Amino acid sequence: MGRTAPNLISESVQTDAESSIVGQLVDFWFQIRAPIVAPVVQLMVNLCLVMVIMMFVERVYMCVVIVLVKLFRRKPEKRYKFVSIKDDVELANSAYPMVLVQIPMYNEREVYQLSIGAACGLSWPSDRIIVQVLDDSTDISTKELVQMECQRWASKGINIKYEVRDNRNGYKAGALKEGLKRSYVKECEYVAIFDADFQPDPEFLWRTVPFLMHNPELALVQARWKFVNSDECLMTRMQEMSLYYHFSVEQEVGSSTYAFFGFNGTAGVWRISAINEAGGWKDRTTVEDMDLAVRAGLKGWRFVYLNDLKVKNELPSTFKAFRYQQHRWSCGPANLFRKILPDILNNKKVGAWKKFHMIYAFFIVRKIVAHIVTFVFYCFVIPTTVLVPEVHLPRWGAIYMPSVITILNAVCTIRSLHLIVFWILFENVMSLHRTKATLIGLLDLNRVNEWVVTEKLGDALKSKFIKLGKKTRMKLHVLELMAGLYIFFCAVYDFNFGHNHFYIYLFLQAAAFFIMGFGYIGTFVPS
């Protein structure tokens, strides 16, 4: 049935009205763009440029230090006394210090055997080591499996203790704290800590404990992480690139210059007296490891990092697990900075230079600025300048300095240099999540103490997924999709009206936001 004349007139009027509204909005935009919007965006550009310079100077400084460390071969064995422990006929095994090995775990069904087996396989006199499994599992069947595994090793003559609590207060920090209260721990001088997916080599204690024995000023010996599943998917390769820089540069520079860095929460050996002097484990943030390290550093204790000693572990391979981990790793440090800043400023035991390093380099640049500038500048301000051509965006700040920062980060993982473009896009998308978490931590908002244990799949479970091949439902991530839509709009606008060719980067970045927004990244786990 054909349309009547009144209908045609009505549609024509409606179309004219819509065109009129769009035209009014466009006119309004052009009226406010130069006098109102441009100054605001220019201010944001200038603030972001300051943060880019801060990051650039920090990266170049650390690069220079690491080159000097390698050039002059300033290995830990040269900076500190290291003497291998030798058997003494008269003293027998009493020449070896008593070592406690703590393994905190929570529903770690897929990996508990790996960590317990590796800890029980550590080469050390059997009467001078205690393996303590701190099981906070809520799954009854998992609890039973862990207990049976401990009993199995005990039957082989291993001094292993299975400890449980009737609550999960303080999460990991609470479990570690309770573990140190056991009567048998009073005999121990040092404590080695391994998360449930970590597998130290048998000689781990031989290479770490002597540093603590012969250098009374040392509180912590930290080993490097080695990722067993970095080739599992593109997401794990991206994580490897980011973490290799942390271990190869940040930890090494901190150890070589200030004898201070953040404890990684695992694969390290602590002097128990240093833990006690620093106030013990605290659960006020989700980064109890960093909290303890900062407090111990403020007491004057020194740390050493062993880049050559690697401990195998697993990277989170599902996007859900990775997001939860990054929330904790971004929110926790920001919240800790808020709470511990007065302690740093009022401290009398450490010098001004070390205080400056803790506040400026360790917290502000690496834990706050790095997250915020990555998202605000590269995913919001730069796309917005496409819509506001009155804003001046210098090439050195938008292209040259970021390129140097990126290269200095990525060069630590030579085998993945060909993936650098994917890594940039991936890190920019994740910066949205990290920025949100950082602001939650700084402002002490909801979710500030959210603790979700990072899911480990284990080799056995992964093989099951491959065999099953079930379809999985993708979870939509609204913030990523909204950011992708905005960047895509800016890319289309720049393609049609711009002159700086930013649309090449913007289209790629928008695609990355869409891919991760729809959850098409990482290992897919059947529900």
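Placement of Cβ uses the backbone N, Cα and C atoms for every residue, glycine included.
Residues 248-250, 252-253, 256-257, 361, 364-366, 369-370, 372-373, 376-377, 381, 384-385, 391-394, 397, 401-402, 404-405, 408-409 of the same chain lie 6+ residues outside the transmembrane segment (43-72) yet bring a C-beta within less than 8 angstroms of a C-beta in it. Among the features that TrEMBL reports, transmembrane segment is placed at 43-72 (among others).
Note on the domain 'Glycosyltransferase 2-like' (190-378): mean pLDDT across this stretch is 96. Look at TrEMBL and you will find 190-378 tagged as domain 'Glycosyltransferase 2-like'.
Same-chain residues lying 6+ beyond the ends of the transmembrane segment (368-388) with a Cβ under 8 Å from its Cβ atoms: 33, 37-38, 41, 44-45, 48, 51-52, 54-55, 330, 333-334, 337, 398, 402, 427-429, 431-432, 434-435, 437-438, 442, 483, 486-487, 490-491, 493-494, 498, 500, 502-503, 506, 509, 513. Summarising the annotation, TrEMBL assigns transmembrane segment to 368-388 (among others).
As annotated by TrEMBL, transmembrane segment applies to 400-426 (among others).
Look at TrEMBL and you will find 476-496 (among others) tagged as transmembrane segment.
TrEMBL lists 502-525 (among others) with the feature transmembrane segment.
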**Request:** For the transmembrane segment (476-496), could you work out the same-chain residues 6 or more beyond its ends whose Cβ comes under 8 Å from its Cβ atoms?
**Result:** 379-380, 383-384, 386-387, 429, 432-433, 436, 502-503, 506-507, 509-514, 516-519
